[in-house]
Each structure stands twice: as C-alpha cells, then as structure tokens.
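Residues or ranges marked as domain 'FAD-binding FR-type' in TrEMBL: 37-191. Sequence annotations record features per position, and here TrEMBL assigns region 'Disordered' to 114-133. Positions annotated as compositional bias 'Basic and acidic residues' by TrEMBL: 118-133. Feature annotation from TrEMBL assigns FAD binding site to Arg140, Pro141, Tyr142, Leu157, Lys159, Met166.
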Amino acid sequence: MSQEDPACCGSGCTSCVLDVKPSKHTLPPDVVNVFDRTYKQFRCECVTPAADNVFRFRFRYVPVIGDDRERLIVPPGCHLMLRALRSALHQPDRKSDSSPEDNPLLRWWEANPVQPGGEEHAKQKLEKHDKSEDDLYLSRPYTPIAFDQERGTFDVLVKLEPGGQMTHHLVTLSAGSRTEWKGVYGDFLWTRNRYRHVVAFVQGVAIAPVYSTLRSILDDEGDETRLTLCACFRNLAGVLLRDELRSLAGYWNFAYAIYLSRRTCACAAAGVERCNCLAARLRYNEPIHDRRLAAAEIERLLQRPLADGKPSLLVLLCGTESFTSFIKSTVEKLEIENCYTF
C-alpha cells in the first residue's frame with residue numbers, strides 16, 4: 001500500500017500490516033465474520049501477566065445489532081489492528097479505584113518508570129511518515145493466539161514498552177474497558193497435509209502467529225503434518241506460552257525446544273560455564289536449553305525432515321529482521337524451497 005492511500009496508517013511499514021488486498025480466506029455461505037475490515041468495539045474481559053513485560057489480554061465483541069450469522073473468526077497467522085485516539089493517550093490515573101495490588105498493569109507501570117527523555121524518544125521513533133494525513137489515531141497490529149467464535153472473544157499477547165505511546169493506552173485498560181479493533185489481515189494460507197513437515201523458528205512475542213498456526217493444525221484431526229517448533233527467549237522468566245507448549249507436546253506429531261540467550265543464575269555471574277541451576281527449575285522432560293540456537297543446530301533440525309524431500313518441508317519464521325536473516329542463511333544453504341516469514 002502506498003502512503004497516499006487513504007487507508008494507510010502512515011507508519012511506513014516495509015510489509016504493510018494494513019494490506020488491503022481482498023482476503024483469500026473463505027467462510028461458509030451462512031456465516032458472517034465479525035471482522036470485515038472496519039473498526040468494531042470490543043470490551044476488555046481480563047488481563048493476566050504472561051512473562052516479563054508481556055501481558056495476555058482477552059477482548060469480547062460488543063455487537064451493535066444482533067446477527068445470528070455473525071461469528072468471530074481469525075484465520076491462523078492473521079493479525080488485527082488496534083487503534084486509540086491520540087488525544088486520549090495519557091498516563092494511568094494513580095487516584096483511580098483500581099490499585100496496583102489488584103491490577104497487574106498498574107503494578108507493571110509502577111515498576112517500570114519512564115526514563116528521562118524516554119517519552120520524547122518514543123514519539124520520534126513512532127512519528128508518522130504521512131505528514132498530510134490527519135493524526136487522530138495511533139494504531140498497532142497484534143496477532144491473536146486464541147479465539148472463541150461462539151463467545152466472540154480473542155486473546156492477544158502484548159509487550160509493553162516504558163514510554164511507548166500504545167503502552168500509555170493499554171495500561172489504562174481494565175475489565176470492562178472498550179477498545180476498537182479491525183481485521184483480519186495476512187496472506188498465510190494453510191492446506192491440510194500439503195506438507196509432511198513444518199519446522200518453525202520464533203523469537204519472543206513473535207511466537208503468536210506461529211503458535212496460532214500450529215495450534216490450528218493440531219486441532220484438525222485429519223491433518224497428519226509433523227510439526228517442530230524452536231522458540232528463542234531471553235531468559236526463563238521471558239518464556240511465553242510455556243504451559244500451552246507443554247500441553248501440545250502430548251500430540252504425537254508435535255515437538256518443541258526452547259532456547260535461552262541469557263543465563264541469569266549466580267553461576268553465570270561467577271563465570272561458571274556449565275551448571276545445573278536451570279535444570280532445577282524445569283518440569284519433567286521440559287525441553288528448555290540455556291544456550292543460544294546455533295547455526296549447526298538449525299541445520300541439524302532441518303536435515304531430518306529433508307530426508308523426505310525438499311517439497312515436503314515448510315519452514316516458518318517470525319522475529320526480528322536479524323533473527324530471521326540468521327535462520328534464512330541456513331535455509332538458503334540447504335536450498336529449502338518453501339519458507340514463509342510472518
């Protein structure tokens with residue numbers, strides 16, 4: 001999309017998150033998706049801590065007119081847009097009825113004060129590129145990790161940033177707060193059993209689109225695709241969806257491994273290269289490793305499914321540009337044909 005397009009959010013995205021191409025996702029003729037690419041109101045149902053600086057929000061659709069055909073549907077890997085009025089962005093009211101003890105967002109806000117100059121830096125970083133467009137709203141994309149089409153709810157993982165403009169809006173939310181969302185956006189399409197193997201590499205909160213995709217494949221009893229997930233996080237406290245991944249490991253066709261880039265125990269501070277501190281904090285057979293994912297390990301993970309032929313393997317990537325470039329170097333080295341980056 002060009003920045004002259006009236007629907008452009010003006011953020012100058014390289015891969016536009018407001019892709020206005022017609023959706024390739026089809027629905028049954030008697031079903032109408034709540035998400036029709038116009039903003040709809042959703043009520044915040046609950047907020048729970050998910051990891052360091054990351055919270056899980058659940059939102060419920062607020063219908064204007066009841067329609068029995070309406071269902072809330074988010075295809076795997078697709079994202080939604082949240083918008084907020086810039087004039088309404090403000091710091092949480094410390095005199096409000098909600099106390100930090102009752103509200104995890106306020107506890108986070110109290111523990112993560114904005115550093116001097118932090119807000120100005122955030123404003124410069126998020127400055128709109130389209131100077132001619134009315135600057136009324138701030139919008140950001142988020143990928144649901146789960147949704148309930150009957151109840152009209154969806155869950156998103158949100159990483160909060162001290163001084164972030166959308167963070168100012170999000171930390172003011174509590175049960176009952178109203179928000180505006182639209183969607184769905186994304187061009188990833190999955191066909192049952194199209195590939196024999198899917199190997200996915202994710203980093204941090206970017207686990208969301210890949211998790212929703214793998215979850216949908218596992219929920220399809222007729223899909224026998226073998227799935228492998230490699231998830232990279234900073235430390236154990238930052239691991240997202242830990243319980244959910246452990247639960248998915250009960251499926252015969254799913255395996256995963258988690259890699260931590262930083263050791264936070266006293267042994268690491270003392271310069272001890274190897275210790276058992278992490279093992280003492282893990283559950284039985286939990287595949288979490290206190291080391292970075294190395295190129296040799298990536299190659300080993302990809303070589304196994306390649307035995308069934310290159311066309312039978314799909315690689316999924318989601319993370320920062322440096323992270324995905326690192327993985328792609330091995331993908332290209334092995335001449336893997338099918339690779340999709342969210």
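Using the three backbone atoms N, Cα and C, a Cβ is placed for every residue, glycine included.
Of the chain residues outside the FAD site list Arg140, Pro141, Tyr142, Leu157, Lys159, Met166, Leu82, Val156, Val158, Val205 have their Cβ within 8 Å of the site's Cβ mean position.
Residues Arg140, Pro141, Tyr142, Leu157, Lys159, Met166 are recorded as binding FAD; their most distant pair of Cα atoms lies 14 Å apart. By the criterion of other Cβ atoms within 10 Å of the residue's own Cβ, the least surrounded of the binding-site residues Arg140, Lys159 is Lys159. All protein chains shown were included, and the count of other CB atoms within 10 Å of the CB of Met166 (FAD binding site) stands at 20. The average pLDDT computed for the domain 'FAD-binding FR-type' (37-191) is 81. Remark: of the binding-site residues Pro141, Tyr142, Leu157, the most isolated position is Pro141 (fewest other Cβ atoms within 10 Å of its Cβ).
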